[in-house]
Amino acid sequence: MAKLSAARKCALRTQITARDRNVYPTHVVYEICDHANLTEADRNFCVLLVRGVASYQITLDWAIDNALDKKPKMSAKVRDALRISTYELLFMKKDAHVVVSQGVELVKSIAKNAAGLGNAILHKVAEMELPDDFALQNGFPAWLFDYLCELYGEEGAKNFVHLSNDEPKLQFVANFLKPSKEPIVGVSAAIKAAKQGNVIIADKSAQAIAEEVALAMKQFGLQSLLEVGAGRGTKTALIESFLASIGHKISVHDVLDNAESRLQKLQEKCDISDFQVTNVICEDATTVSLNKKYDFVFIDAPCTGLGTLRRHPEIKSRITEQEILDSAKLQLAILKNTSKFVSSDGLIFYSTCSVAKEENEGVIEKFLSSDAGKSFVLDHTVRQANLTNVTDAHYCACLKK
């Protein structure tokens, strides 16, 4: 009996833990690796497996379901195990004998009676080639690839798909409120510095949006800011840091989110990063009522995240066409309600990390044609329409009252 490798065992534990917690596997893999005390090589292999399964889950399920004459019935945990080995066989081109043997052990570790089924499926998968269909080959649902073709044309859509499946790069920026006394070189040093509050880990698109907010506040001499959808405080920290870097001190920075757990993380970030917010508001942005006005309302709108597939590869196997429409409906409701808190001559920045027009231009057009939006005009938009090698796709609209 072959001994199951620590990396594969940890990859399976990550899949199961993520489902139990209802979070993305790529968000918990490092935590699981830390608890498993893996070697650096095993840790890297585990992360590679988890990310690979997340990126190509649709392809892996196609292979598993087509390995036998009848679609096999199995538990979610058994499928988790088979996805890991199927990824190795189809995308890593590892020695089939070793992968099948390890895959069977992986299945046995959670369901001994499924070992025979796992063995049969993996032997068939070992003989398979990737499908010819471009979307299926790359782990994208057909409808989403068609949608991207409408946005970018076929070649642009294919480029988007390839970039989405690339490994994300760790990006960070100095915290001007708490600069490091030592130079920061490499990933390990950046992660350590982030834990100490000296740098802020954030994609360059998030950095760009936060810098736009800070620059606009200084340009127009604005003093009060309401941040809607503040979440765990990444953009909060970025805004405060950029404000400090350009020498513009504001009197009010209130933050609003509907999840207490996220706001707790935000307050922890305040403590380590040496910035403060004036009020933390845990309310639903579609219904919240506030008895004050702000010079600037920044809406970091909840969205489908279709511009962040490189960092959140799980999205593409879960999202539906209806979710885009539902997301746009929620965003419009948030924009309509929170626009009431903008003072005369004030600004709204509406931001998403989606490429869907329904969530971006569509929301702005509907808002401006509504009663709530009749006193606003569109000043300009900032749009990174497609993924690049270094940044997510994003959208931001500036509205003036």
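Including glycine, each Cβ sits where the backbone N, Cα and C put it.
These features come from TrEMBL:
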ACT_SITE  Cys353  active site, nucleophile
BINDING   Asp254, Asp300  S-adenosyl-L-methionine binding site
COILED    249-276  coiled coil
DOMAIN    132-401  domain 'SAM-dependent MTase RsmB/NOP-type'
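Note: the CA-CA distance between the residue listed as 'active site, nucleophile' and Asp300 (S-adenosyl-L-methionine binding site) rounds to 9 Å. For Asp300 (S-adenosyl-L-methionine binding site), the same-chain residues that are 6 or more apart in sequence and have a Cβ closer than 8 Å to its Cβ are Ile209, Glu227, Val228, Gly229, Ala230, Gly231, Lys235, Ser351. Neighbour count (other Cβ atoms within 10 Å of the Cβ, all protein chains): 25 for Cys353 (active site, nucleophile). The Cβ of Asp254 (S-adenosyl-L-methionine binding site) has Ser224, Leu225, Leu226, Glu227, Val277, Thr278, Asn279, Val280, Ile281, Tyr294 as same-chain neighbours under 8 Å, each 6 or more residues away in sequence. The predicted model assigns the domain 'SAM-dependent MTase RsmB/NOP-type' (132-401) a mean pLDDT of 94.
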